[in-house]
């Protein structure tokens, strides 16, 4: 699919990787999960991102996952492949492999983690990937996970690269507003923070790359529709009820909460891979009460006052 198809996407789901109890990928669980997403307003799907537990997936496993999902999706929505690591050479090699594999609208490359590069180092990292790739690149800027932050100024330098088409931004609404105001016209801005989606869309973002859309896609779609129709009273009312659900979804290291909910809903999401562990049973029950049942009293026993902890 093309850039234009991607531009139409408002809700892109950062897809989990379903696992068997032994830690192997449960490929048989993928069709039901994908059909569930598509039935609840997912416009595009990101594979092998953070929510997919990509740090614990080998590249061979990622390619197997890509093939399985592509077979089910069959061109119905655009797909994005997670292609970046903290090793520029490895990222280049893998993005070339994914481009040759085919079937993706773009590749998502994360800001290098652990190395703590300078702004110039980050610029050169993404430039090298984009120069080498036949696949358009979206940058993933999430300092809560990688420690360093790609500044808006560096992002705008990269936005001028013809093969860097967008960013998944997980910094601040102030940064997002600055980027939206100063970016090239065709550069795509997605928030990666479910709790910020309401504000980001009102600022002019193109959409959200979401975890919550696994479980709350309908209300996200309803909120975005209300924003598009300038019904801010309705959109704000949805957002107020949505925030406790986001709090619950990120009250334990992700994707453990969303996997607990999907398992409860009858989908075979399975466990997480170490070093991540499932949410404790009592915590999982509270999370489910909030996210599925809308039991806001249960929020008193979950993380409150934040939209998304730095998990």
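Here the Cβ of each residue, glycine as well, is placed from N, Cα and C on the backbone.
What Swiss-Prot annotates here:
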SITE      50  site 'Part of a proton relay during catalysis'
BINDING   51, 209  pyruvate binding site
SITE      114  site 'Part of a proton relay during catalysis'
ACT_SITE  140  active site, proton donor/acceptor
ACT_SITE  168  active site, schiff-base intermediate with substrate
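Sequence features annotated in Swiss-Prot and their locations in the structure.
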residue: 50; record: site 'Part of a proton relay during catalysis'; Cβ contacts under 8 Å, 6 or more apart: 14, 110, 142, 145, 254
residue: 51; record: pyruvate binding site; Cβ contacts under 8 Å, 6 or more apart: 14, 15, 16, 211, 254, 255, 258
residue: 114; record: site 'Part of a proton relay during catalysis'; Cβ contacts under 8 Å, 6 or more apart: 86, 146, 147
residue: 140; record: active site, proton donor/acceptor; Cβ contacts under 8 Å, 6 or more apart: 49, 84, 108, 109, 110, 111, 167, 168, 170, 192
residue: 209; record: pyruvate binding site; Cβ contacts under 8 Å, 6 or more apart: 12, 13, 14, 46, 49, 168, 190, 191, 192
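Under the DSSP three-state reduction, residue 50 (site 'Part of a proton relay during catalysis') is assigned to helix.
The Cβ of residue 168 (active site, schiff-base intermediate with substrate) has 27 other Cβ atoms within 10 Å, all protein chains considered.
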